[in-house]
């Protein structure tokens with residue numbers, strides 16, 4: 001089994017820009033594919049998950065072409081063509097769930113959605129059930145709970161739906177379906193989740209009302225394509241921020257990064273742990289705040305994390321665990337039920353890798369209790385999960401670590417290890 005060995009890293013020094021935001025890239029490609037005319041997606045993420053989105057949209061008749069670091073998209077004007085083959089979503093759960101909403105109202109169109117072994121294990125019933133309540137015709141394994149899933153586009157009616165658990169993917173799938181439904185579609189969230197879909201609806205002039213935690217949309221007519229600049233992905237930036245915090249003498253600045261407040265819960269938690277962090281919003285594109293973040297090495301202390309922050313940092317919990325391993329005292333992270341059904345069972349993956357690095361950890365059904373103080377050199381497993389691979393490269397960086405199957409990082413950050421080594425070498 002291949003492994004990447006990271007020698008102990010001295011201070012990390014330098015500035016960097018991380019790849020484009022994965023969530024915005026997925027959604028931007030989809031909405032441009034629905035639009036009329038031609039639009040460009042500037043500085044998108046070009047990695048495993050988003051390239052799957054580009055290929056699926058091509059199979060549905062949209063023209064998606066790479067132009068240097070950008071995508072050029074010629075849309076279909078609200079009507080996709082029926083694909084000739086199964087639509088392969090790869091490892092991308094966001095793609096599969098949003099695509100269900102996008103296709104549900106394409107009357108008469110038939111499509112089958114599948115993915116890799118990990119994606120075929122992930123729960124889809126949370127999207128399928130409310131779509132069926134709108135009139136969607138969706139079937140699949142375990143009565144639609146698992147892919148492969150078959151969709152036959154049908155007339156949809158608006159729905160008022162309260163999310164049982166916070167999920168930006170379910171919210172987004174229903175909003176996309178609502179663009180083709182008769183009447184109003186309203187989604188109410190128990191707590192706020194990332195709002196990239198709502199911001200992009202505004203960017204493209206699509207129908208949208210937001211009232212507290214309720215979001216509404218309704219049937220749209222044809223809309224023109226618009227260019228879109230994708231900010232750097234905060235979830236990717238988080239690895240370098242934590243690497244700087246836990247490695248003595250380090251100072252790192254991440255520039256051009258998205259600072260959407262529905263994504264930056266990690267900054268709140270790290271500040272509570274005593275992190276030396278500064279950030280500033282400089283500009284916004286398509287309604288997305290963009291700016292810089294500076295991190296300097298800090299002596300962190302354990303904290304009890306507010307469970308209400310978890311939806312605002314759901315993808316950053318693995319790298320928070322890396323920070324907690326170096327913090328003095330105990331860190332308690334509750335509200336992790338959603339992490340059980342990510343690309344891996346992330347609660348288990350975090351616990352097993354912390355133990356492999358000599359860290360004491362307790363694992364509950366939806367919580368972790370981490371007793372920090374430092375890690376020892378070891379070998380970690382990604383469990384086929386890009387964020388686990390990168391988080392535990394960071395956790396072991398100050399003392400040296402071997403990361404099995406490092407290629408999993410390419411799902412969201414193809415140049416991750418090169419960027420990490422460059423910052424180490426800069427000192």
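Each residue, glycine too, has its Cβ placed from N, Cα and C.
Not measured: the values here are computed from a predicted model.
For reference, Swiss-Prot has these:
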BINDING   22, 23, 27, 167, 169, 315, 342  3-phosphoshikimate binding site
BINDING   22, 93, 122, 169, 346, 387  phosphoenolpyruvate binding site
ACT_SITE  315  active site, proton acceptor
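Every protein chain considered, the tally of other Cβ atoms within 10 Å of the Cβ of residue 122 (phosphoenolpyruvate binding site) stands at 17. Ranking the binding-site residues 22, 27 by C-beta neighbours within 10 Å puts 22 at the top. Listed binding-site residues near residue 167 (3-phosphoshikimate binding site): none (candidates 93, 122, 346, 387; Cα-Cα distance within 10 Å).
Nearest neighbour of residue 169 (3-phosphoshikimate binding site) by Cα distance, taken over the binding-site residues 93, 122, 346, 387: 93. Neighbour list (residue 387 (phosphoenolpyruvate binding site), Cβ cut-off 8 Å, at least 6 residues apart, same chain): 235, 315, 318, 319, 342, 343, 346, 412. If you take the Cα of residue 22 (3-phosphoshikimate binding site) and the Cα of residue 122 (phosphoenolpyruvate binding site), they are about 19 angstrom apart, rounded to a whole number. DSSP gives residue 346 (phosphoenolpyruvate binding site) a helix state. The binding-site residues 23, 167, 169 differ in how many other CB atoms lie within 10 Å of their CB, and the one with the most is 23. The CA atom of residue 23 (3-phosphoshikimate binding site) is located 11 Å away from the CA atom of residue 93 (phosphoenolpyruvate binding site).
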